[in-house]
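Under the heading domain 'HPt', TrEMBL lists A:2-106. Sequence annotations record features per position, and here TrEMBL assigns domain 'Histidine kinase' to A:297-535. Positions annotated as domain 'CheW-like' by TrEMBL: A:537-669. The phosphohistidine annotation in TrEMBL covers A:H49.
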Amino acid sequence: MKEEDLIQLRNIFMDEASELFVKIEKNLLAAEQSPDDPTLIAALFRSIHTLKGSSGMIGSKKVTDFIHNLESIFDKIRSGMAPLTPEIIDCTLQCMDHVKVLIVDPELKKDKDQTNDQALTDRINQILSGSAKWATAQPAQTQSAVGRHTYYVYFKPHAHFLKDGSNPLLLIEELTEIGDTLVYAHIDMGQMSDYDPTLCYTSWQVVLSTDEPMSNVQEVFIFTQDEDIKEVKLLSNEDLLANPRFVQRMPKPELGADLTQEKIHDIIKGLEQEVEPVETDSATKVDAISNIRVASTKLDELMNQVSELITSQAALSLYAKNHFDPNLEVIADNMEKIARQLRDTAFDMTLLEIDHLFTRFHRSVRDIATQLDKSVHFVTEGGDTELDKTIIDNLADPLMHLIRNSLDHGIETKSIRAQRGKPEKGTILLKAYYSGAKVYVQIKDDGKGIDVEKIKQKALKNEIIKESDQLTDKELLNLIFVPGFSMAKDVTDLSGRGVGMDVVKKNVLDLRGDISVESVLGEGTTITIGLPLTLSVIDGLQVKVHDTDYIIPLGSVEKCFELKRSSFVNDFNQVVSLDEQQYPYIDLRGEFQISEDNAPVTNSIILVKDHEREVGFCVDEIVGEYQAVLKPVGKYYRDQEFVSGATILGDGKIALVLDTNNLISKKHNNLKLAAS
Amino acid sequence: MSSLLDSEVKEILDLRSFLTFDLNEQTFAVPVESVVEIQDMTAITKIPNAATHMAGVQNLRGKILPVIDTRVKFGLPPVVDTVDTCIVVIDMEVEEEKVLVGALVDAVEEVISIPATEIQSSKSIEAKFDLEFVSGMFKQDEKFILMLDLNKVFALDDDNKVSVDNIKQA
């Protein structure tokens, strides 16, 4: 095989394998918490098995052998012949790392890897030989396919099956994974008035065609209780499901028919009496492809083209509007609708669940905590929150840094925690959630917090602040983000690992995000990062202030009002009454230092919600909704942080996209300063 | 062959090409290699609360082009929009990143080539302008033309210095 072919194959394999690695790690860590969960073990076995299969592709015997040994271990665990011990979990994690090395460097050129290889092989052998006292395991994957059989599986969980959190669907799903199935769910409930939602009324009848022996089918139910009724019967020595006439005669699954074994036998008999039609339908067995892999560069290209399309479409809409051609307007409206849908679909493709990131941290936290001899409970919430993949990619480093800080300098050692009356196990919570047009990622620890006084002393020493400066605690805390504020260990509780908090802040700002810190001495630190949902296209409200157009992200807009300008603009309290409630407001004319000369009599006030704060934005007029393709305004305007980008309007003019959160925070600080 | 000859001749003479433009009745020159194109002054969107020499942003075929009012940068009153006013689009490298920036000027003159030997240092010029931005000068038709130091004229304003005000805004 040619060298480049091999490299290409390896790349394909790495692509697939990295997904499997993530899955395996995630399941291993979950299994650490609940080592008896059969679904986890089954999932682990499957992943490892798949990994073994695809590792054959790169033709490295070493890799395949290595994984094969792991597979044998998990096969034993799966068949209940060995427990999943922490030692196995730990060993498997390290093996995964080693396999990654093996793939890149099968000859193990580094001595370190060589010794590691030997050590791990020994460990595996030990585990395997330790299992000698376990009942002799069935040799894995030796049941050769003796052709497909069709089974009838009846499963009726006892009424209290759901009480201990068991999910019968997982078992059924497992059945569907070992072969082709027809699944019938039958609900036997009796009187509606006696319905108790905690009970299980459903039973399942499954026609399963598989090449696995009956014992393997029975194994699916190995973890169910004795009270659960399960039957596995052989229907036929052929693959009945591959017979379209059989399938045709079966009742439709969604009808909820009670399909007893007798009924099926009747159907089979009926089939045998019929003359077999000559033609064989070869098209019946086509696996539908539900997922495809796309290179991310192609997605980027798609997003760029969609952006261009939206800009052109805006020009078309404007042209149609200005030329009073009803036909053209209809076409333009249609175009706009399609462009919007296309944008959403394309955009959706570039979104990833933040869980991809969180999973990585589970592993790191575990390793670092062991290293530091600290006991940490690492909790993640909101892993299903979706973010642009570019943002997720660029978020990994700053988040890792923050988590390390929490582990290293936030969470105290076990003995100190005990002295302070805290639970021995520290907690780090990593949480993601939506609010308005933003996603927030929060890292919260219950460690010792940051000593504001120490920060002040250090800042004075470094001449970042002067003795005469009056800074609130929050402002002092924010000093940790200032470049040049040394993070030396003796001074603050934050890391001294070369990359400072200023880099973290810069990374976040580069993503058009913001970062804030809260800390209570002795109780813990919370760092919150706010991020835009996307870097490319947003739905916005187009407004006018003086002669300039602005876009306010629609996601954060709550309501719009109209008010006479004279009624509020000189109000001393800086609040407006809207819907009988008082809200602080930001007058954009005042904010942007535009003269009052040509201010309109009636103003629009847009109520914007950001992170639990509601603030009115006062603009000259509202133009309408606009899909804004965000473009950076560039470094020359980086001090104008309230402008998060610019967009090109239908007529070629530029509108500025406002970062309302930034304006609100600034306003908030100013008010606070004025009050103090 | 001819092109080879040209470059040989050029090498001997070491000719430099410049684009010249006017600002407040003084002619300035920038190396043609840095000039991307010349644009009419159309709809410029001003960004509020920015430095006064930052004239705003312009739509350059779908890209956002920051525009600098060169007159204000030199301590002169702002550019008045006339038929001659234009934007010289300049290719810059700022903080290791290539960026385009537009320079508002009163009028664009021509492209000229002069031998490197005729360029003098700027030390001896009488200071009608802030000479901080001038890297040299040469004489053409009895007129002095000032060469601009682009890296200085279009440098990012250095307000990365940490001050308490900055922190309070954070």
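Just so you know, the numbers here start at 1 and follow the chain as drawn.
Placed from the backbone N, Cα and C atoms, the Cβ positions cover glycine too.
It should be emphasised that the depicted structure is a prediction, and the values quoted were computed from it without experimental measurement.
DSSP assigns the residue listed as 'phosphohistidine' to a helical segment in the three-state reduction. In the shown protein chains, 19 other C-beta atoms lie within 10 A of the C-beta of the residue listed as 'phosphohistidine'. Secondary structure of the domain 'CheW-like' (A:537-669) per DSSP, as helix, strand and coil residue counts: 23 helix, 71 strand, 39 coil.
Remark: secondary structure over the domain 'HPt' (A:2-106) totals 89 helix, 0 strand, 16 coil, with classes taken from DSSP.
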